[in-house]
């Protein structure tokens with residue numbers, strides 16, 4: 001074998017071994033975190049086993065297991081707008097939950113799509129330049145995902161069964177999502193659960209410049225969006241925080257003021273997880 005080929009072969013072997021080791025470490029992290037959550041919760045025993053074991057090493061809520069799962073005392077709500085209705089939930093996810101969602105999603109990321117108003121199907125578009133994936137129905141039954149979904153249901157007051165599958169997204173530098181509404185303009189998507197009423201957007205990283213969630217019709221001041229000064233309100237990505245906002249007004253009609261976008265990422269990576277909630281059960 002020629003010396004040049006030996007060098008190339010050696011580099012390929014090194015990279016392959018590194019990828020295998022990385023995957024094994026990632027799998028070990030997922031397994032450890034899953035073990036720490038046990039197999040069920042008091043209100044969800046019909047979905048999993050009968051025995052219940054919760055997060056270890058949480059002494060503050062040693063006598064209140066539901067409070068552990070809901071992170072009562074940790075989550076700090078902040079109302080940033082009443083019209084449209086926007087609430088930032090600080091420390092909504094634990095650091096471990098953020099890493100868990102990223103670990104599940106990373107191997108399955110694909111180019112993100114948007115809903116075609118004519119067909120109701122996902123299509124690629126320059127409106128949205130990220131990569132993402134949806135959790136499966138099987139993954140939805142995992143204890144950690146159950147805990148997150150139960151927390152979303154409690155803080156949003158929308159039943160868990162009305163929620164779509166969680167979507168995990170990654171935005172790299174120069175990627176963005178142009179302003180849009182989460183509610184549907186087509187009739188195809190309304191057949192499964194009706195209209196979208198609310199969104200829970202959860203941030204999984206914060207080592208990013210730019211990438212704010214921008215509401216151009218909220219508030220009457222200025223904000224920062226991808227390094228630019230804009231009219232409206234923006235929320236900076238902070239690991240563990242979540243933004244809860246409603247696409248439907250108190251009158252039961254879709255709220256055009258809920259238009260929002262993902263500002264351009266200037267540096268770093270922005271990871272997020274989104275849960276859309278409907279008027280009725282989605283399955």
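Glycine is no exception: its Cβ is also placed from the backbone N, Cα and C atoms.
Mean pLDDT across the topological domain 'Cytoplasmic' (1-6) comes to 55 in this model. Look at Swiss-Prot and you will find 1-6 tagged as topological domain 'Cytoplasmic', backed by a curator's inference.
Residues or ranges marked as transmembrane segment in Swiss-Prot: 7-27.
Swiss-Prot lists 28-283 with the feature topological domain 'Lumenal'.
What Swiss-Prot lists as domain 'Fe2OG dioxygenase' is 162-279, and the listing cites sequence analysis.
Around the Cβ of residue 180 (Fe cation binding site), the number of neighbouring Cβ atoms within 10 Å comes to 15. Look at Swiss-Prot and you will find 180, 182, 260 tagged as Fe cation binding site, backed by sequence analysis.
Annotated 2-oxoglutarate binding site per Swiss-Prot: 270, in sequence order. Note: residue 270 (2-oxoglutarate binding site) has non-local neighbours 170, 171, 203, 205, 208, 210, 211, 237, 262, i.e. same-chain residues 6+ apart with C-beta under 8 A of its own C-beta.
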- [ ] Based on DSSP, name the secondary structure state of residue 182 (Fe cation binding site): helix, strand or coil.
- [x] coil
